[in-house]
Amino acid sequence: MAKATTIKDAIRIFEERKSVVATEAEKVELHGMIPPIEKMDATLSTLKACKHLALSTNNIEKISSLSGMENLRILSLGRNLIKKIENLDAVADTLEELWISYNQIASLSGIEKLVNLRVLYMSNNKITNWGEIDKLAALDKLEDLLLAGNPLYNDYKENNATSEYRIEVVKRLPNLKKLDGMPVDVDEREQANVARGG
């Protein structure tokens, strides 16, 4: 079996493909490497100018090694093997968008540190209960959330109750503007307020 691509190798490939210097690039695309990247390592700390780091479609099991990336705004980790939201302290103040759909996340513990998060794409993970969604309530700026494809969502969908699901999410996260790609409408907001006792 082929050895995993290292971050260092992936950066070199990116530089060759795009004719750029990775340490100066605002968007660094290391997605879909063949063979896949398995580990985020300290080489990432050299990407000082990076605002958007794309690591989707690899075999990464753990979020790590983001210290030094003080300009990071968008972290794309969709289609990996990640089980936990962790090791984001270094980017907690700057990160605005976390794209982490198609992973194996069952808990949102740790997400509350991302105080400036506006966008969270985490469809097709393993979220099963409302207690996890409640952890998002600490994120005042969160306005765009993708949850479809999680067991929690699927339970409602199977019972033709997606409108109830939407109201339940908005009840818990009143600042949301968009849920699963659809704007939160006035009607949903009113019903959520009533359900909240407002």
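Count begins at 1; order follows the chain as displayed.
Including glycine, each Cβ sits where the backbone N, Cα and C put it.
Just so it is clear, the model here is predicted, and its values are computed rather than measured.
Here Swiss-Prot flags 157-195 as domain 'LRRCT'. For 49-70, the entry in Swiss-Prot reads repeat 'LRR 1'. If you look up Swiss-Prot, you'll see 71-92 marked as repeat 'LRR 2'. According to Swiss-Prot, the repeat 'LRR 3' annotation covers 94-115. Look at Swiss-Prot and you will find 116-137 tagged as repeat 'LRR 4'. Residues annotated as site 'Controls the orientation of the C-terminal helical region' in Swiss-Prot, with an author's statement given as evidence: Met182, Asp185.
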Relative to the Cβ position of Met182 (site 'Controls the orientation of the C-terminal helical region'), how many further Cβ atoms are located within 10 Å?
10
What parts of the chain pack near the domain 'LRRCT' (157-195), using Cβ distances under 8 Å and only residues at least 6 beyond its ends?
123, 130, 133-134, 136-137, 140-148
In this predicted model, what is the average pLDDT of the repeat 'LRR 3' (94-115)?
98
Report, as numbers and ranges, which residues of the same chain sit near the repeat 'LRR 1' (49-70): CB under 8 Å and 6 or more residues beyond its ends.
4-5, 7, 22-33, 36-43, 76-88, 90-91, 94, 99
Number of other Cβ atoms within 10 Å of the Cβ of Asp185 (site 'Controls the orientation of the C-terminal helical region') across all protein chains:
11
Summarise the domain 'LRRCT' (157-195) by DSSP state, stating how many residues are helix, strand and coil.
23 helix, 4 strand, 12 coil
